[in-house]
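What TrEMBL annotates here:
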type: BINDING; residues: Thr43, Ser44; note: FAD binding site
type: BINDING; residues: Tyr223, Arg278; note: D-dopa binding site
type: DOMAIN; residues: 5-324; note: domain 'FAD dependent oxidoreductase'
Amino acid sequence: MDTARIAVVGAGVVGLSTAVCISKLVPQCSVTIISDKFTPDTTSDVAAGMLIPHTYPDTPIHTQKQWFRETFNHLFAIANSAEAGDAGVHLVSGWQIFQSTPTEELPFWADVVLGFRRMTEAELKKFPQYVFGQAFTTLKCECPAYLPWLEKRIKGSGGWMLTRRIDDLWELYPSFDIVVNCSGLGSRQLAGDAKIFPVRGQVLQVQAPWVEHFIRDGSGLTYIYPGTSHVTLGGTRQKGDWNLSPDAENSREILSRCCALEPSLHGACNIREKVGLRPYRPGVQLQTELLARDGRRLPVVHHYGHGSGGISVHWGTALEAARLVSECVHALRTPIPKSKL
């Protein structure tokens, strides 16, 4: 086998970053991204893109921290380069606030973000209903810019994009030697995974250029994230809800909650509603499976189930997925010794 033909199914932030990492780490391979949706129509395009990790109950904390650190370092290098504007990556400072002191005052990611500290009493006066807070600087990765930036890198290294809906991974055999499944919620069907389900998220995108600091309720349900072209107000967390249409009552609640934290948002204008379905799972699925049917074999690397934390860990998990692909390629290139008769 001269060139390993690799198909990546899914073109959100997980699929595209995985394709870039494979191109960098796996020699003599061709990468094709196959998806029925590309930017700006992916779930990733709705995400606010703040690097504040979500915790996965089924994944060891040291692993989650490594994924977050690798992702932070990758995006921090972009933020400090001439590519920052094109890639939609920049630093943003702000506050995470709590109505009661959290049991874990120092989260596992505190030494990865910049300048993490406890908020002062003077700072907390801005939020009368809150008793404890954390101030820090993190990164914001805006997918409507970042995804095209990744696509450009994939095409630049000889990769292909194919718009097509896949209903069964076997459709890709024998055109491809290895399949990487980054289909998110599509894995309910493609991988038969009943553990993955949607968590509906509705956000508002508003014009409020005077808002320069992020504000996040410690529950993660209410947040104000300023970006380059708009401020994102959130949110909702509706488990098992597949509805992609904006809900007017959700929008009223979001605006009311955000205005309670930042009263100046009463003056926000050009309000747009966005909805995305987070692919939630108790832990990210990151493993190799060898599909077999009628004597045929198809190695599959599964890489999905990031829930609301995909952008915070995407580069770290993509590097791991690329290492798994590299192992599959090595196995395909290693001749099977003939048994001695």
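Residue positions begin at 1 at the first shown residue.
Positions of Cβ are set from backbone N, Cα and C atoms, glycine also.
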Review point. Would you say which of the binding-site residues Thr43, Ser44 has the most Cβ atoms within 10 Å of its own Cβ?
Key: Ser44
Exercise for review: Please average pLDDT over the domain 'FAD dependent oxidoreductase' (5-324) for the predicted structure.
Suggested key: 97
